[in-house]
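K.L.:
Annotations for this protein, taken from TrEMBL, read as follows:
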type	residues	note
SIGNAL	1-17	signal peptide
DOMAIN	1-383	domain 'Major facilitator superfamily (MFS) profile'
TRANSMEM	28-47	transmembrane segment
TRANSMEM	59-80	transmembrane segment
TRANSMEM	86-108	transmembrane segment
TRANSMEM	129-151	transmembrane segment
TRANSMEM	157-180	transmembrane segment
TRANSMEM	206-225	transmembrane segment
TRANSMEM	271-289	transmembrane segment
TRANSMEM	301-322	transmembrane segment
TRANSMEM	342-362	transmembrane segment
TRANSMEM	410-427	transmembrane segment
Amino acid sequence: MIISMLIFTVFSGGCGAAHTMIQLIVCRVFQGVGAAGTVSLALVAAYEMVPKDKYPLQAALIGSAIALGSLVGPLIGGGVSEHSTWRWVFLINVPVGVVSAALLYISVPSNFPYHGRPVLPHPITNSLSRLDISGASLLLGATVLLVTVLLEAGIEFAWKSGTAIALIILSGILFVAFMLNEKVMSKEKRTQEPVFPFRFLSNRPWMGTLLMSFLSGVPYNIIVIDIPQRFQAIDSISPFTSGLRLIPFNFSISLSSILVNIIAKRRIPPIILLFIGSIIQLLGMSLFSTLPENGTLPNTIYGWEVLTGFGMGWVMGICLLLPPAVVEGRDLAISGGSLLQFRVLGGALGLAISTTIMNNYLTSHLTPLLGAEQLSLLLQSTREIENLSEELRIETEKAFAHGYNMQMKVNIAFSVVQVLAVGVIWTRNGKGWRGQIEVVEKQTPRE
């Protein structure tokens, strides 16, 4: 975990010091590697450090930490964009990363979780040889190509162009190759540990948990990005103030993730809790799609932020609680990373889809008014709206408002699927609701 944190810290500094786009891209890749390792290992370590009856508390704390990071991030980013250079978005991670690595070194026992043993069961060289490098590379390539075509099609190249078609085909090929690779890696005699063990596919409750994590990541990323942008584009509010207005959303996520894990100890079936959270989230998303398309945003938006965030945090809290109960012990480390990876992947794909819808709508409706060159500048920065004439500004703001509402309808679609996906987690053990309660009772003592 310390190595992952140091990788993240060093390459964050590299991003801040980059002088070319190539340097920035390379450093961003390795920064992401360090960040992914840190987040995944933190979740695994939490499961290893505490007894099973403390899992709900740990899940609540992890969910709160994630929400807190999402709360502070937009505020820092907004402040930096207003008062300093973009480089500080990356450089600020350096002192934080150094302090975090030092705290880990001081607080975590040596050789954890094998502390107290004279010999480590898996030397570092053995551990490195067990990495599924081919699987990780194939998954990364497939994901990057898919996200690229979703983000750039309709802007840099047409959907029907050879570039778009080639990217989609290559992404599909890499996804198929990834699954075949994981099937081979999952064989008992293989020394490597697969990124996605094939036995996961036969574990329906776990696949349902991953699906819930994936689907909940979609609306989260869209809201965190689009709501502040909407405040800036429509209400002409500064980036920092826009971040402040997202506080009710992230605070509600943190609160509900704690609350749901307290409730889970009361022997309420997790499938019921997931269903309740998904319905609350769907209701909030539906309200977001009704925002007016002219004038400033009403104050009721903060209530909708609270409602939507409450549903998302509720679902996130239960998803973090379930892995130790629905996967084998040998898969606990992989399951923690997979859960967060699916959430990140869902957020990336959801944001790419919503951005594509927004950009295509703006291109078709504003090109006749503004021209291709001015529209291109507008898509790069909404601050260009301030440079338009009064008449063009009003029409442009209406187009943006409608586009943002269209993005919220994307959230509604994914939220509906999420409600239906709750059924995948149902355990057919002939015990009815009692069988669902046992999922939580595997981890929490009866009170």
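Cβ coordinates come from backbone N, Cα and C, glycine included.
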K.L.:
By a Cβ-Cβ criterion of under 8 Å, what residues six or more beyond either terminus of the transmembrane segment (129-151) are in contact with it?
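P.N.:
Sequence-remote neighbours of the transmembrane segment (129-151) are 122, 164, 167-168, 170-172, 174-175, 177-178, 181-182, 185, 191-196, 345, 348-349, 352-353, 355-356.
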K.L.:
Hey, which of 28-47, 206-225, 271-289, 301-322 has the most Cβ-Cβ pairs under 8 Å against the transmembrane segment (342-362)?
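P.N.:
So the stretch in question is 206-225.
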K.L.:
Are the transmembrane segment (206-225) and the transmembrane segment (410-427) close enough that 3 or more Cβ pairs fall under 8 Å, when only pairs 6 or more apart in sequence count?
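P.N.:
The transmembrane segment (206-225) and the transmembrane segment (410-427): touching, yes.
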K.L.:
Need one number: mean pLDDT over the domain 'Major facilitator superfamily (MFS) profile' (1-383).
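P.N.:
For the domain 'Major facilitator superfamily (MFS) profile' (1-383), the model's average pLDDT rounds to 81.
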